[in-house]
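Engineer: Below are the features listed in Swiss-Prot for this protein:
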- 1-16: transit peptide (TRANSIT)
- HIS220, ASP221, HIS224, GLU236: Zn(2+) binding site (BINDING)
Amino acid sequence: MLSRISSVRIGTQVRQLANPVVNQSSQVLQTRQFYVAAALTVGSMIFGKQNKLADSIANGEVHDKTVDYEARHQEALEKRLKTLTDTRPMKPRYEGHIPLNLHEKLLLFVISGIRSYYHPENGVNIVQLGEATALPFILEDLKKTMLSDETGRRILREKPNVRTETLDMDKLSKMPKNTFGYTFYSWLKKEGVSPDTRAPVKYIDDPDHAFIFKRYRQCHDFYHSLNDLPIIIEGEIAVKALEAANMGIPMAALGTLLAPLRLKSAQRQRLYEIYLPWAIRTGLSCKPLINVYWEELLDKDVNELRKELGITPPPDLRKIRKERAALRKKFKMKYESYEKQ
């Protein structure tokens with residue numbers, strides 16, 4: 001019995017003596033592992049940089065700032081750009097052209113359509129939606145309309161660009177007040193816009209179609225000024241309806257159908273009773289506006305020009321709005337005076 005107790009005590013003492021040794025060995029092992037890991041990290045940083053440097057030297061990229069180096073660098077850059085451009089369905093066909101795949105065109109239509117509905121004041125949305133809905137067969141039909149007319153053929157051949165410098169605004173300001181040129185100039189000043197505010201075409205693939213759509217876009221303000229319609233939502237809808245009836249532009253038709261939904265009741269009533277009937281009737285009966293060389297008609301009497309084109313201006317929208325505002329103010333004052341009694 002005594003011997004068994006002694007052996008247990010001896011075993012316990014041995015384990016107690018061995019534990020510090022084991023703990024010390026474990027600490028030494030952990031310390032060694034830490035130093036080894038640190039050494040490997042530092043070594044990889046040093047030798048990794050050396051390897052990169054060696055690769056650069058082997059490729060002739062260090063201490064070789066010669067024409068050959070620049071040529072190789074440019075070639076590498078062009079290869080990278082080529083891999084990006086190869087994803088396009090075609091090469092750009094005119095300045096500023098951005099070719100899109102079919103799914104990209106569909107996305108452009110959906111996204112720009114949603115944005116245009118909720119933010120019609122943002123011109124970028126309207127521009128993108130216009131090009132997304134400008135289908136090739138519609139633009140080709142407009143091209144045939146232009147080719148069937150002598151002036152239209154000349155416009156296609158000469159490809160005029162409606163800009164401030166080409167119109168000579170200073171000259172327009174000095175024209176007689178009955179001329180179309182002065183009418184256009186005074187309308188621009190009244191509305192605070194210029195011919196340079198029209199965005200270039202980007203997403204239409206055919207160069208002729210792109211020019212036709214640009215021409216339609218740049219001539220938009222001529223229609224405004226000829227009919228003295230202001231740049232407010234009612235005036236824009238009226239001009240869009242005129243364009244849709246005359247040229248069949250889908251974007252113009254969409255604007256005519258959807259934009260009135262955001263109007264107030266009085267505005268919508270005015271539009272449906274006066275301006276939409278006028279726009280549709282005038283657009284269907286007047287000369288194709290895409291065939292009008294507006295730049296050559298600036299010195300013409302504005303009333304004679306309207307008569308030649310078959311256009312009769314609508315009632316003055318500014319005057320109607322002003323009269324309604326005055327009437328509302330009168331009723332408001334009358335109501336307030338009645339409340340004070």
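Cβ coordinates come from backbone N, Cα and C, glycine included.
Can you tell me where each of these features sits in the structure?
Structural biologist: DSSP assigns HIS224 (Zn(2+) binding site) to a helical segment in the three-state reduction. Close to HIS224 (Zn(2+) binding site) in the fold, though at least 6 residues off in sequence, lie TRP187, GLU191, PRO230, ILE231, GLY235, VAL239, each with a CB less than 8 Å from its CB.
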Engineer: Within 8 Å of the centroid of the Cβ atoms of HIS220, ASP221, HIS224, GLU236, which other residues of that chain place their own Cβ, given that this set defines the recorded Zn(2+) site?
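Structural biologist: Output for this site, in sequence order: PHE222, TYR223, SER225, LEU229, ILE231, GLY235, VAL239.
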Engineer: Of all the binding-site residues given, ASP221, GLU236, which has the fewest Cβ neighbours within 10 Å once its own Cβ is left out?
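Structural biologist: So among ASP221, GLU236, the binding-site residues given, the one with the fewest Cβ atoms within 10 Å is GLU236.
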